[in-house]
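Engineer: Have a look at this one.
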Amino acid sequence: MPNGVINLDSDDESPPRNTSQKVVNDQKLVSERIEIMSDDAEASAVSDAHDSTLLNPKPPQQRQLTSQELLRQKMAEAAERRMKRRVEVDIHDSMDTKPFKRVQRTQIVESYRTKLPPTSINERTSRIRLISNPSYCREFGVKADGDTISFADLVGSPDLTRSYQFNFLIDFDYLAKFVTSSTCEFVLVNKSDDEEHLRISDSMWEKYKIQTVDVSNSLPKFGTHHTKMMVNFYKDGSCQIVLHTMNLTEADHLIQTQMAWVSPALYPHQNLKDYFDFNQPGLDVWKDTGTIFKRDFIAYLMSYKNSDINKLIDMIGKYDFKDIDVMFVASSPGHYLHTEWNDLIKPGAKPMFGYGRLWQVIHMLGLQSLSGKLVGQTSTIAGPCDSWKRNILVHLLTSCAEKGFPMLKKADYEYRPGKNKVEPVIVWPTFDEVLKSKASALSGVCLHLTTHGKWAAYQRHFENTLKYFHKWTTYSDKPSESKAGRSNLTPHVKTYTLTEDNFKTVKWFLLTSANLSHQAWGKSKKFDKIEYDISSFEAGIFVAPELLKVSGNTENKRRVLVPCYGKDNPDDVQFLGDEKFKIGIRLPYDTPLQKYGPNDKPWGQPESDQLLM
């Protein structure tokens, strides 16, 4: 990759080259471009936040402080300045002899919602939400933000008291543009041992109480903290969990397609004995979905083995998760070996991580398939696995979705119709689609696919999987005709879904931070065993129709997920019949999917690098 181009948010395990300067150059380039393009009042671009340095130089010391020591010093200095200002105000007030006159402040009523309403606004609404992008809609003349949620919805409540932000890249100055609470405390969890992943200006240290949690020691070589998650606490004692796909940066917000899942408002248990409800035996996956989610969520947080995150576990353990109706699918770095296959799919089984967890959930819910399409849509397709012939989706994730074993297909496997196998489908933008998108070539900064030039194995791997590629859209020249409404907004969202009837319905849907890489899902050791290594932290939400909470008389109706485009509620699809209860699932791309033609070229490196030099 040439100088000046950052391999942003990539799962590629190749060693970085000159990354520090690349990050600075790329962030400035993207910021300057967005500032010119965007007139969005909700998220006006401020390039000075990007151009400011992360930390001011410190006086010479006997030894050079580490990045974490510098961050802690920043926190202490900011706290001291806040305290000094309070003392000065108190002294001034005590010496003021003028009659006191109370300032009447205009109360802002519902400037932002106290907290974001539950994702299931009604029982048929999609549990997965699209993140709004008003500037894109105006620029391309499309009405595509129906039923979306905004960045301000997620962090803009004046009642927000504490917010945990898990992410890969955090530009706190940009995040703060949407914050209205002056007393909120922020805990930022990421790989913050360098200036590439965390940006906080001096003014932000003074304005907010900020704590940083560096997880770099938990990461192996080439591993990343890729999870994108919020845990928000409010004045009324409630909290909400948000799983999303967006780096907390201006570029990710304004020029990429993003999605999120937002939990219902969660409240503490009334009885102390219920705090450990997730640890009880005999949990039923259908009746206790929320409690199982809590168990798996806490297991993921525990995998950090971090004292600051343990405090979050203590807080979250007090809450009742019963209203949650989805499954938690995550990855955590480590070596995993599972031998008792049958025990792994029992509801009380310890949650697995990576591709083992996807396999576990699908088999636990009885959602295996012998036909249909497994559609993987991501923003990175990393290098080959143990063999140049093997691809994560084609040889591994399809096996998770199918009935039977082994887990990992042999290297020479190729999909052929009519063989009781799931067809792998990869959704990936073409060069033409990216260049016609909102920020043209800059929109492709987050899209990573090495087609050739690095090692021979990369080129052979790419050529072997190209047959499975499908376009992101067919409406680049006619954005107003796009059903999904994101034809010219390149994807940073990551979704996996299985359909057995070409998108009349979907059998299950996964929104996640995990790209198509073995760093994210796991690198399998043997094809006939569940043994693998994971390098990165990832988190996602698995939606299955029979888990979703609905009211009324639905006992004799089978629940089905129906794709929604441009809105969160499904149409009354007559061909499905009255015996089915239809629940929406929002798709970020248009269907039917169109396979690559002979003249279609996928956006990839090194060709795309030439456009960003």
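These residue numbers are counts, starting from 1, taken along the chain as shown.
From the backbone N, Cα and C atoms, a Cβ is placed for every residue, glycine too.
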Engineer: Of 39-65, 120-146, 363-389, 552-578, which span is tagged region 'Disordered' by TrEMBL?
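Structural biologist: Within the set 39-65, 120-146, 363-389, 552-578, TrEMBL attaches region 'Disordered' to 39-65.
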Engineer: Which one of 1-26, 79-104 shows up in TrEMBL as region 'Disordered'?
Structural biologist: 1-26
Engineer: Roughly how many Å lie between the Cα atoms of Lys494 (substrate binding site) and His226 (active site, nucleophile), rounded to a whole value?
Structural biologist: 12
Engineer: Around Lys494 (substrate binding site), how many other C-beta atoms are within 10 angstroms of its C-beta?
Structural biologist: 25
Engineer: Could you check which of the recorded positions (His226, Lys228, His492) sits closest to Ser517 (site 'Interaction with DNA'), going Cα to Cα?
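Structural biologist: Answer for the nearest of the recorded positions: His226.
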Engineer: Across all chains shown, how many C-beta atoms besides its own are within 10 angstroms of the C-beta of Lys228 (substrate binding site)?
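Structural biologist: By my count, 29.
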Engineer: Count the other Cβ atoms sitting within 10 Å of the Cβ of His492 (active site, proton donor/acceptor), across every protein chain shown.
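Structural biologist: The answer is 29 other Cβ atoms.
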